[in-house]
Amino acid sequence: MSLIHRRLYRISGLSSVNAWNLQIREAVNRNDPVESLLLFREMKRGGFEPNNFTFPFVAKACARLADVGCCEMVHAHLIKSPFWSDVFVGTATVDMFVKCNSVDYAAKVFERMPERDATTWNAMLSGFCQSGHTDKAFSLFREMRLNEITPDSVTVMTLIQSASFEKSLKLLEAMHAVGIRLGVDVQVTVANTWISTYGKCGDLDSAKLVFEAIDRGDRTVVSWNSMFKAYSVFGEAFDAFGLYCLMLREEFKPDLSTFINLAASCQNPETLTQGRLIHSHAIHLGTDQDIEAINTFISMYSKSEDTCSARLLFDIMTSRTCVSWTVMISGYAEKGDMDEALALFHAMIKSGEKPDLVTLLSLISGCGKFGSLETGKWIDARADIYGCKRDNVMICNALIDMYSKCGSIHEARDIFDNTPEKTVVTWTTMIAGYALNGIFLEALKLFSKMIDLDYKPNHITFLAVLQACAHSGSLEKGWEYFHIMKQVYNISPGLDHYSCMVDLLGRKGKLEEALELIRNMSAKPDAGIWGALLNACKIHRNVKIAEQAAESLFNLEPQMAAPYVEMANIYAAAGMWDGFARIRSIMKQRNIKKYPGESVIQVNGKNHSFTVGEHGHVENEVIYFTLNGLSLFAKDKHVLYKDVYKEQSYELFI
């Protein structure tokens, strides 16, 4: 019997509106929205008028289809019926338009409703939140309170979504306070949402407090997973692993989400051991065969610099998605193995899997990071073929960054000028490109133009501008932008901004001012800041301040060789050989070695790597003959002496 005949047979005995409603509801419940709408049509043709139970079922079917045309058709029938003012029907209609991304239609229906309950308000709030209209959502929430409608847990969780979307800690804290006043904070579903959102908004401590406040008997697997997700945002693998052990001791059974979030926490070489333990447990529990889990583990191994394990997982996959290919390609690109990344990209095309925007962005980013200009040009020329045209702002931003890092600043500017819809990221990337390539005045000029065109700079924009000021020695301009950032744009300086200012002051020889700035910082200075000061001390031969900077670096990064070598060189340049010997002794005691630096250049599409003091290159004789010839052009004997001394000092520590 055909589908049409079966339908005709089924509806032939329907003799009442309730019978039709039952059939429509069953079709919706078995996720067959098309059948629901066909039944609705046949019901109308049969002379049966829908009632206040029919319309909510049909509205749900339209929402499942996400078809605005169907929504408008059902709404047209509704406004002709006597049930348009029914609060239950009206709420279902608002929800229908919201789920079809027609928030404006939903708002019109909402405004015309003579009666609304908390569910109606929640449906409209959800629409504004999902569409990113945070201001409208909170304005509606205020209106809801003025109308004396009591919010419930759904209201709170809906508005938490807005805070999550905006990554606004202030909004989240405000909704947390509302939730406590309403008494919904004791509900575990609300607490779970708070935990994950606090993590996303950058407040791990508050996420921990909410988790710990949940009674042990009330915690669910979702509670633990929410906390793991918060840890993954910060890359706190060790704390996440400790919490996972506690979860097992309390006899909770981990699920797929548990392992995905835990693996997402282990994204660097230091946490590879924890990542492997998590992976082995996932295998033991049989949750490692899910494609999303495999993709996450591939990403984990790749970012932990274990591309061999990542590739093994990738190769044994029975089926792959675009994400599978992309995370593996990205792993090679991040490591600098562009040849392997490109080979895998070709294999992806050959397999019939179409690369997406993220795939191309991964390749372009890798080319910029490791200076693979020719490969970058090849990808740029073929981006259109894979549906990522030059008018895509994300592609434009990535290409500007890539060409800038590869030294092709004119190509970067050409893309910038031809980007149709520039964003703050576009301007920031171009400014950073100029700063990176030593074209500092152009960077500052472009920043001024950005401000004139009413673009609002962010913290990364100011970082690029301060770097330009530092490298150009523009101390006055640097202070000006540093204060503008705080006073005009309300952006709190981060450690990187302070590092730039320390670098700028150091270059100008104002080491006491730089040290004072560090001491007055609200945050604890990191290795980058002390390193900038130490480098400035080396340039200006200030042993006293250098010792303070070096001591801080020794405490922060006791196994990093660079600060020891820098301090030893400062002592040597000052003729303080006792200090020089003391640093050497400390390095031997702590088994710290300075490995020679490596650089890579690309000639005729082929990468060539060199290390400091290397004598094993196939073109060794030609290279050193050329270098010796170039050294004859060094007119300043002091500069030449410093270069020779620096090479000798490196050899002492290798």
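Cβ coordinates come from backbone N, Cα and C, glycine included.
Since the structure is predicted, the reported quantities are computational estimates derived from the model, not experimental observations.
Of the candidate ranges 16-46, 109-139, 605-635, Swiss-Prot annotates residues 605-635 with the feature region 'Type E(+) motif'. Within its own chain, the repeat 'PPR 8' (321-355) is flanked in space by residues 291, 294-295, 298-299, 301-303, 305, 307, 310-311, 314, 362-363, 365-367, 369-370, 372, 375, 378, 386-387, 600, 607, which lie at least six positions past its ends and keep a Cβ under 8 Å from the stretch. Under 8 Å from some Cβ of the repeat 'PPR 12' (458-488) lie the Cβ atoms of residues 424, 427-428, 431-432, 434-436, 438, 440-441, 443-444, 447, 450, 494, 496-497, 500-501, 503-505, 507-508, 510, all in the same chain and six or more residues away from its ends. Per-class residue totals from DSSP over the repeat 'PPR 6' (255-289), listed helix then strand then coil: 26 helix, 0 strand, 9 coil. Same-chain residues lying 6 or more positions outside the repeat 'PPR 11' (423-457) and placing a CB less than 8 Å from one of its CB atoms are 393, 396-397, 400-401, 403-405, 407, 409, 412-413, 416, 463-465, 467-469, 471-472, 474, 477, 485, 489.
For the repeat 'PPR 13' (494-524), the residues of the chain that approach it from at least six positions outside its boundaries are 459, 462-463, 466-467, 469-470, 473-475, 478-479, 482, 485, 530, 532-533, 535-537, 539-540, 542, 545, 548, judged by C-beta separation under 8 angstroms. Model confidence over the repeat 'PPR 5' (220-254) is summarised by a mean pLDDT of 94.
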